[in-house]
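J.: Would you mind keeping the following structure in view while I ask a few things?
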Amino acid sequence: MTARDSHPLWRPYTQMKSAAPPLEAVATRGSRIVLADGRELIDGIASWWTAVHGYNHPHIAASVADQLAAMPHVMFGGLTHAPAERLAQRLTERLPGDLNHVFFTDSGSVAVEVALKMAVQLWLNRGKTGRTRVLAFRGGYHGDTMGAMSACDPEEGMHRRFGAYLPTQVFCELPRTADQEAALDAALARHRHELAAVIVEPLVQGAGGMLTHPPEVLATVARLARRHGLPLIADEIFTGFARTGTLFACEQAGIVPDILCLSKALTGGTMALAATVATTEIFSAFWSDDPAAALMHGPTFMANPLACAAANASLDLFETEPRLEQARAIATRLEDGLRPLARSPGVRAVRVLGAIGAVQFAEAPDLTALKQRLVARGVWVRPFGDILYLTPALTVPEDDLDRLIAAVVAETRALA
Ligand code: PLP
């Protein structure tokens, strides 16, 4: 088959010529994905970390259906609507500190782009030029658009080819040791006149390898950013909405970032929506008699009413159903089930944080074969690099969670 006569659909991160054909999903139920051939897979990663309430929650479905009947979409320039107003208000009430101003977009990457634009324009609005770079951390991942890619670990394979097209940022190790803290402090001092912000994934660098760090490390990042007068951008696109055991990961370090990015589980994983939330201090720099001081961004589907309705319904569920308790219960089970693998041959590390459990192998396995074996075990788990990990729905039934853990344990032992 040639490239020309096949594949109208171009797939993500996929070599179209050699990749195995994707499995066809026809339905979702609870924490399971139903395939066209009738098989049901237990979803161990909640559709790229989004479906925190499991799939097809009736409350979200009903809210979206009502909104669909009333007003599926309306442009956000010059107009507003109750679902967006209510969601913004509720998010600011739940976020720490004075993160009081919400800018909606439609994907995590774009939420990061907006955060970067906010940081750069903040300095321009304050009359300071030359502040065009951000300090980011090795191991980090912030998305696939140009600005977001520029803040991802430059050594990481997926974006290396685009290096020449990207703004060059300043990279440091997360300050896990006194030496790393001193190096970060020195880099901030050296570059502060060209830096617009510091960007970090709080408590866990997800796509970089499920690399966890203690809250004290995040607190150190926040303290040093403050010492050098730089806004801190917390990318909570993965960690937001209970994944780490608290509603937001920043809470565990007791910090309030200046800008915080949300997406993924914001709608309970049902619709594309993202938010970049700024403190009053940041927002004030855009509050001006000068029209040019306004934030110049506005996606067509900004604050889509259906997505806002889904997100409001998702927030209802965090109030009415015990998601934080469920996340902590999953953490205990992951700890009990995966931790013993740390002593297995071929395993470099086991990491558990909230409802995230990861096994890191000493060597990257054959991922295609591993994925096929996992499917044969009836689970949907997507290892990458040298990492096999679980981030299930917070509502995953105990039996399903046990099957997910058993599959990871068996495959890890088989690889040893
Ligand atoms: N930031 C983080 C921490 C992420 O984990 C991701 C996606 O995995 C993104 C940004 C990008 O989000 P999206 O894929 O919705 O563009």
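These residue numbers are counts, starting from 1, taken along the chain as shown.
Note: Cβ is positioned from N, Cα and C throughout, glycine not excepted.
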J.: Among Asp66, Asp153, Asp235, which residue does TrEMBL annotate as binding pyridoxal 5'-phosphate together with Gly108, Ser109, Pro299, Thr300?
T.: Asp235
J.: Output, ordered by sequence, the same-chain residues six or more apart from Gly108 (pyridoxal 5'-phosphate binding site) with a CB under 8 Å from its CB, or 'none'.
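T.: Spatial neighbours, sequence-distant, of Gly108 (pyridoxal 5'-phosphate binding site): Gly143, Ile237, Cys261, Ser263, Lys264, Ala274.
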J.: Could you state, as a whole number of Å, the largest distance between Cα atoms of any two of Gly108, Ser109, Asp235, Pro299, Thr300, the listed pyridoxal 5'-phosphate binders?
T.: 23
J.: For Asp235 (pyridoxal 5'-phosphate binding site), which of these binding-site residues sit within 10 Å, Cα to Cα: Trp48, Tyr141, Gly298, Arg382?
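T.: Of Trp48, Tyr141, Gly298, Arg382, within range: Tyr141.
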J.: Identify, in sequence order, the residues in the chain of Gly298 (substrate binding site) that are 6 or more apart from it along the sequence and have a CB within less than 8 Å of its CB; answer 'none' if there are none.
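T.: Counting only residues 6 or more apart in sequence, the Cβ neighbours of Gly298 (substrate binding site) under 8 Å are Phe76, Gly77.
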J.: With the cut-off set at 10 Å between Cβ atoms, which of these binding-site residues ends up with the most neighbours? Options: Lys264, Arg382.
T.: Lys264
J.: Can you tell which of Trp48, Tyr141 has the least company, meaning the fewest other C-beta atoms within 10 angstroms of its C-beta, among these binding-site residues?
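T.: Candidates: the binding-site residues Trp48, Tyr141. Fewest Cβ atoms within 10 Å: Trp48.
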J.: May I ask which of the binding-site residues Gly108, Ser109, Asp235, Gly298, Thr300, Arg382 have a CB within less than 6 Å of any atom of ligand 1, listed in sequence order?
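T.: Cβ < 6 Å from ligand 1, in sequence order: Gly108, Ser109, Asp235.
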